[in-house]
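Scroll down for the structure; my scribbles are underneath it.
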Ligand SMILES: Nc1ncnc2c1ncn2[C@@H]1O[C@H](COP(=O)(O)OP(=O)(O)OP(=O)(O)O)[C@@H](O)[C@H]1O
C-alpha cells in the first residue's frame, strides 16, 4: 500500500469531526490530504483512533494503516499523531504571522525566521529569551511562548505516556483528565491515577511509581493502597463501606515487605489525609468512599423531598372505585386483595414499592397503574401527545423491552431515560426527569450510584412506583437499594404472594416460591414435565451436561435458547470448563474449519459469545449475547490483524484481536450475569465444591430464569443446603440515612463514633500489629496481597 517500507502516514487538515466518544476519546473525522506515502488517490480520507486533542481546521500528521471496514469501507486507522510542524522558511513565516499570534505580522515573522532559522520553534520552547531580539512587551512574548509550548506539550505528554507503557486509549483518557499538566501530575503522584482514571489500578500505578523512585512507605504509596483496597473490598462484597480494622489489616498485607517502625503512624496519617481531602470518610469505625456515602445521603434526601412536595390527588375515592372496576373489565381480570391494595397505594402516594416472585402479577399491576393513573388524571395514554407524562424504565435492555411489550407503551433502560453513556462520567451527571409518573421494573438490579442519579433527577410532584423481586440477587454494583427501601418501612409497600400464572404443566414457579420460602420438599428432586433433577458428583457434571445438550439439540432446541448457568468460573463444573466442554459438543473443530485462539479459549464460527463491556459507539453493551458469524485471519485482510465478526441480535460488530478480552464464550454464564434475562431452557449444575457461594437467593435467581424447562444437575445435599442458607445481607447504611432524614427512630441505632476516635482506634490496632501482637495475615492464609491489588 505504501511507496516504501516506512510506516504509512497522512498529512492533512481536519475537516469535520463526526464522532467522539468521551470515554476513550475515540474519534472519527475526515481530513483533506496534503501529503501521504500511500497510494491513496482521493483528496480526503476518513481517520479513526483515540486522540487526546484534535481541532478542526488544524493540520496533523497521522501514522497508522489503511483498513477496510466491513460496513464503512476504507479508512485510516491512526496509531499515532502529531500536530504538523511548519516546515521550511515559507511555512514558518506564514505560521508565525497567522491568527494564532496576534500582533505578529509578516515582517516580524520573517525577522524570527531570519534570526532563529528553520528550527525556530524548538529554540523558542527551549529558551524563553530566544525572542528577546524582537523587543516585544514581556506579556506579548510570554503569550507567544505559551501558545507554542501548549501545542508541544500535548505531543510530549502522549509520547511520554506511551513510554510509561500506557496504550493509546488509556493515554488519551489520562490526557483528557489532566491536559497540559499530565506529566507534572503523574510525576508528582502516580497513585492519583488510581483515583482519577478508570482502568489504572494500584499495581500499575505502583510500577510507575517505582520507576519514578517512589517506594516503600512513601505517603503517596500508602494513600494509593488505601484507596485501591477500599474500592476492591467494596466491589468484592457489594457493601457500601468497609470495616476499618479489616481495611488496615489488608493494606498492611500489601505494604508488609516495606514496613518500617513508624508505618502505623504513616498509615493513620494517610487515612487522615484522604478524609481531609474528601476521598474517604470514617464513621462508626467504618471507612466509606466519600462519593458512595454521599450517594446514600442524596437518595434519602431526594426521597424526602419527593414525599414532602407531594400535594395529594385531585380525585375522590368513589372515582377510584369506579376506575378499578373499569380496568378489571378492560384487562379481563379480577385483582386479588393485595393486588388491589397495590394499585390503590401506588395511585395515592408519592413513592410506592411493589415486590413479588414470578407470576404474582407485577406486570399485571404495572398495566393497571398506568391505565388508572392516565384515566384519573385526564392524561391521554398516547406517547405522542404533549400531555403524556409517564416514564417506564428498567436497568437492562431486555427488561425494558419486556415492559414495553407488556404495556404497549415506550419503555427504555434507566441509562437511556437519563441520557447516561454507561461510562464513569455517569456519576457526575445531573439530568432532570420531566414526567409525572415514573415506574421502574427489575428494581433489585439497580445499584446505589445509579439510583442516586435517577432519584435526584426526579422533579417535585412526580409519583414513583418501584417494582421488583426483593428476593433475587442484589445489584452487581454496591448496595441493595430495593431491599433497603422496603426494610426502612418508610414507604408504602405491597408484597405479592399469590401465584396467578395458570399453566397446568408448569411447576417451575411453585418450585421457585418454595425455594424462596426455604422449603425443602422431596418433590424438588422428582421429575416433572417441565423440570428434572439429575444426581451426579462434580467429576461427572461435564459428561452429564454433554449428554443433556446433545439430547436437547436432537429434540430441536436451538442452543441460543439453552442456557447453562453456574455460580463459579473455576473447577470441573465451573463456567470456563463447561464452556469448553459444551463448545466441543455443539460446535466442534473439524478439518478445514477456521479457528482462532485467545489464551486457552478457541473461537469458531457459530460460537455463542457474551459481550463484557459497554461500547456505545458500536451499540453493544455488557451482558449482550451474540453469535460469531465471521473469522477474518490477519493474512486475509489489509489490517493484518485477526478479526471476529459477531452478530448481536442483528447488529454486526467486528472485533480486532486486541479487543477479544471484551468477550467470552456464553454456552455457560454466571448466575449473576443472567439476572434480568429469561431463557426457554435452563440447565443448572450445582456442586459441593461451590458451597461457599451457594445461597438461597442465588438458587432462586437461577431457577426463575427458566421459562419452559429446568434441568438441575448435581448432588442433592448441595441443593438442600443452598435452599436452607439464608442469604446474608449486604452491609449498607441507606436504611439509617432514611431513618435520619425522615426522622424515624431506627431499631437500636449504634452510638455515633467521631472520626477522631475511630482514627485513634486504628492507631491502637496498628501498633498492636506492629508489635507483632497480632499477625496482620490472620485469616488470610490462602490469600496473597496480589489478590487485592487489581480486580481481574
Ligand atoms: N388477579 C389475577 N387473576 C387472574 N390472572 C392473573 C391475576 N394476576 C395476574 N394474573 C396472570 O398471571 C400471570 C402472571 O402475571 P404477571 O406476568 O403480571 O406476573 P409477574 O409478577 O410480572 O411475573 P414475572 O416476574 O414472572 O414476569 C399472567 O398471565 C397474568 O395475566
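Think of each number as a place in line: the chain as shown, counted from 1.
Even glycines carry a Cβ here, placed using N, Cα and C.
As recorded in TrEMBL, the features of this protein are as follows:
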type	residues	note
DOMAIN	348-539	domain 'AAA+ ATPase'
BINDING	359, 360, 361, 362, 363	ATP binding site
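Here the features listed in TrEMBL are placed on the structure.
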| residue | record | CB count, 10 Å |
| --- | --- | --- |
| 359 | ATP binding site | 22 |
| 360 | ATP binding site | 24 |
| 361 | ATP binding site | 22 |
| 362 | ATP binding site | 22 |
| 363 | ATP binding site | 16 |
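Shown in sequence order, 356, 357, 358, 364, 365, 496, 500, 501 are the same-chain residues outside 359, 360, 361, 362, 363 whose Cβ sits within 8 Å of the Cβ centre of the ATP site. Mean pLDDT for the domain 'AAA+ ATPase' (348-539) in the predicted structure: 90.
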